[in-house]
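The structure appears below as structure tokens.
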Amino acid sequence: MKNQEIAKIFYEIANYLEMEGVAFKPYAYQKAALTLEGLEKDVEEIYKEGGREALLKIPGIGESMAEKIEEYLKTGKIKYYEELKKKTPVNIEELMAVEGMGPKKAKVLYQKLGIRNLKDLEKAAKSHKIASLFGFGEKTEKNILEGINFLKRSKGRFLLGEILPTVKEVYQKLKSLKEVEKIDPAGSVRRMKETIGDVDFLVISKNPGKVMDFFVRFPGIIKIWGKGSTKSSVRMREGFDMDIRVVPARSYGSALQYFTGSKEHNIATRKIAMDRNLKLSEYGLFRGPKMIAGKTEEEVYKALGMQWIPPEMRENQGEIEAALSGKLPQIIGYKDIKGDLHCHSQWDGGTNTIMEMVKAAQNMGYEYIGISDHTKFLRIEHGLDEKKLSQQRKEIDKLNTKYKILNTKFKILQGCEANILNDGSIDIRDEALKKLDYVIAGVHSNFKMPKEKMTERIINVMKNPDIDIISHPTGRILKRRDEYQIDFDKILRVAEETGTILEINSFPERLDLNAENIRRAKEAGVKMVINTDSHHKDQLRFIEFGIAQARRGWAEKEDIINTQPLEKLLKLLNNYASRAFSRSSNF
DNA sequence: GCCGTTTTCGGCCCGACTGTTTTCAGTCG
Ligand SMILES: Nc1nc2c(ncn2[C@H]2C[C@H](O)[C@@H](COP(=O)(O)OP(=O)(O)OP(=O)(O)O)O2)c(=O)[nH]1
Ligand SMILES: [Mg+2]
Ligand SMILES: [Mg+2]
Ligand SMILES: [Zn+2]
């Protein structure tokens with residue numbers, strides 16, 4: 001898939017143009033790059049299916065960029081870009097990664113000192129060649145050196161699940177300050193994005209100075225990037241930045257709207273305001289000098305003629321248009337999940353016994369849990385064979401009887417997470433599968449198959465009437481492994497035909513399906529299930545991360561099968577299996 | 001370079017902080 005490559009080139013073009021001082025074009029390229037980056041469908045496929053016309057339908061792509069994409073797909077190069085690069089042979093991305101360095105400074109440094117990369121920059125700063133340049137100075141030079149050092153130590157974006165505990169700690173500490181009237185996490189944390197670049201907090205206070213003084217003295221801060229009366233920014237020991245914004249109570253809603261983002265959502269919302277001869281900023285919504293909204297987010301959106309938009313959806317992916325026409329979907333809520341169908345127990349080397357998992361599930365307020373241990377192909381994971389599965393069945397039956405006697409409604413289901421082998425067969429015999437309440441199948445080996453083969457492999461499994469759910473369908477591991485090559489449109493078609501359910505895996509490094517694919521699945525009429533893949537009872541809590549992605553993917557309650565009570569769930573699983581069977585027997 | 005139920009041309013979000021500058025450009029959110 002060449003989406004990322006082309007996006008990267010467009011970002012670079014934007015940077016080169018910005019260096020030259022060209023107006024507006026850089027933003028056009030950036031916007032197109034961002035869209036390509038987030039596009040789950042392969043541009044090459046879009047082009048093959050619909051030619052240049054289809055490319056033009058992508059928002060932010062016009063004649064000029066469509067032509068460049070076409071050129072890249074055909075020749076592997078974009079002449080315009082190659083020429084820009086030849087003219088200014090600078091690793092601009094690397095230089096701009098240094099805090100405080102942008103295209104304008106990079107240009108001067110290249111022209112005056114021939115600086116082309118980070119190494120050149122460090123050398124020049126160390127030998128004090130920068131301070132004397134026009135527009136630069138001692139402090140700039142020092143900041144550059146410091147910036148380089150922090151950059152070298154930086155670890156990139158953090159997983160939401162990895163950073164959230166720290167966020168909660170800081171939140172509590174800030175909240176305890178008496179000058180803090182109200183505080184909320186904002187930015188990507190409030191939107192529950194799968195990865196977090198930095199942590200943003202919004203505060204109401206009548207005494208911003210005090211709040212800022214307290215904030216920048218926080219334990220664990222290793223660098224203060226900036227400190228003002230309304231806004232400060234710091235680097236934490238753990239390697240991430242924190243931004244804080246302080247506003248008066250009357251602006252809290254508009255400030256929360258601003259600071260929650262996303263940037264693209266903000267710009268689009270501000271354009272709606274402009275269309276109505278209004279101005280929207282973090283301080284409020286204004287008609288001329290008159291403030292007409294700002295205290296709450298609801299008020300701000302309402303004054304713009306919009307429904308309030310859940311933070312997870314604020315990505316400028318159509319939510320603004322939907323909110324304007326009152327057609328936002330009723331997305332799934334954080335309390336709508338009635339049970340978790342992907343849980344591992346001690347049987348396959350997980351941490352907890354079935355009983356311990358059950359108790360944890362009950363604490364979550366669930367009505368059921370599905371135990372889905374690995375199967376025998378995965379020897380390192382102590383995968384269960386047919387015999388073990390039947391022994392496990394006996395234990396689960398016993399526990400269920402106990403619950404019946406105790407007259408609780410709670411039910412334990414027995415599933416398994418079987419392995420999809422290279423040819424799309426399963427490592428457990430059919431007779432054994434039929435004795436389970438449901439079957440999950442997932443790819444756990446041989447991730448690098450060519451697209452056609454991998455797609456065929458998964459499709460074969462979906463046509464198997466005994467298989468109900470495909471776990472982590474694209475196989476990505478955040479920050480570590482890309483999705484495997486699949487034709488997701490084809491997979492969606494077959495999933496719809498066979499009634500196979502696709503998993504939204506809530507494990508922090510998976511979150512697979514992602515939001516964009518969830519939206520595609522919903523549009524294709526494919527049902528999904530939100531699971532945690534817990535290997536420890538405490539991991540049942542991960543469900544909120546999966547729900548957040550589902551919300552960003554516009555999923556409603558009825559798109560997610562485990563929002564249903566047990567009886568309905570069983571019917572859905574069974575229905576789908578028998579439907580799949582009747583269809584596949586007609587082939 | 002892109003885009004359009006007010007536009008096919010004329011706009012393109014709006015504001016804070018810093019360092020360098022004698023009044024603002026650059027960078028960032
Ligand atoms: N209006 C406007 N708002 C912006 C702009 N840049 C950032 N914001 C707002 C929206 C962002 O969600 C919020 C926080 O900025 P961040 O850079 O921290 O982005 P965000 O938290 O969304 O993502 P992150 O995970 O930190 O990369 O500030 C901008 O250029 N214009
Ligand atoms: Mg930078
Ligand atoms: Mg942020
Ligand atoms: Zn699993």
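For all residues, glycine too, the Cβ spot is worked out from N, Cα and C.
Just so you know, TrEMBL annotations are computer predictions that nobody has curated.
TrEMBL lists A:1-315 with the feature domain 'DNA-directed DNA polymerase X'.
Marked as domain 'Helix-hairpin-helix DNA-binding motif class 1' by TrEMBL: A:53-72 (among others). Per-residue pLDDT, averaged along the domain 'Helix-hairpin-helix DNA-binding motif class 1' (A:53-72), amounts to 97 for this model.
Here the domain 'Helix-hairpin-helix DNA-binding motif class 1' (A:93-112) has long-range neighbours at 11-12, 15-16, 18-21, 118, 121, 124, 130, 133-136, 140, 143-144, 147-148, 150-151, 225, meaning same-chain residues at least 6 beyond its ends whose C-beta is under 8 angstroms from one of its own. Annotation comment: TrEMBL describes A:93-112 (among others) as domain 'Helix-hairpin-helix DNA-binding motif class 1'.
Taking Cβ pairs closer than 8 Å, the domain 'Helix-hairpin-helix DNA-binding motif class 1' (A:128-147) reaches residues 98-101, 105, 108-109, 112-113, 121-122, 223 in its own chain, all 6 or more past its ends. Positions annotated as domain 'Helix-hairpin-helix DNA-binding motif class 1' by TrEMBL: A:128-147 (among others).
Sequence annotations record features per position, and here TrEMBL assigns domain 'Polymerase/histidinol phosphatase N-terminal' to A:339-422.
Distant neighbours of the domain 'Helix-hairpin-helix DNA-binding motif class 1' (A:53-72): 2, 5-6, 9-10, 28-29, 31-32, 35-36, 39, 43, 46-47, 78-81; these residues of the same chain sit at least 6 beyond its ends, with a Cβ under 8 Å from one of its Cβ atoms.
Summarised by DSSP class, the composition of the domain 'Helix-hairpin-helix DNA-binding motif class 1' (A:53-72) is 14 helix, 0 strand, 6 coil.
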